[in-house]
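Per TrEMBL, the feature domain 'Chemokine interleukin-8-like' maps to 23-84. What TrEMBL lists as region 'Disordered' is 89-112. The signal peptide annotation in TrEMBL covers 1-25.
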């Protein structure tokens with residue numbers, strides 16, 4: 001009877017993990033202050049909402065494989081996120097223009 005209960009519990013645990021893979025990746029505490037040096041080295045960020053499995057609003061900063069959970073209302077964090085998004089949008093637009101220019105140039109050469 002005990003091995004049967006253990007197998008059932010393990011099965012339910014694996015089922016839960018399959019349905020909710022982010023259940024154990026939630027920020028449980030957030031920092032209100034964050035040094036500028038850390039903000040400069042942010043590679044990417046995620047926004048954690050206080051719904052579903054996670055019960056705390058946070059911004060998760062990823063720096064060289066480490067995660068930092070910070071207050072999403074911190075002015076420095078908001079400014080950093082805006083700069084990252086602006087840089088990402090600017091970079092992707094210039095890339096599209098460059099590809100289009102190259103394609104048009106190739107088409108003109110083929111016609112000649």
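Note that the numbers count up from 1, one per residue, in the order the chain is shown.
Every residue, even glycine, has its Cβ placed from backbone N, Cα and C.
Curation plays no part in TrEMBL annotations; they are all automatic predictions.
Confidence for the domain 'Chemokine interleukin-8-like' (23-84), expressed as mean pLDDT, is 90. The DSSP breakdown of the domain 'Chemokine interleukin-8-like' (23-84) into helical (H, G, I), extended (E, B) and coil residues amounts to 15 helix, 17 strand, 30 coil.
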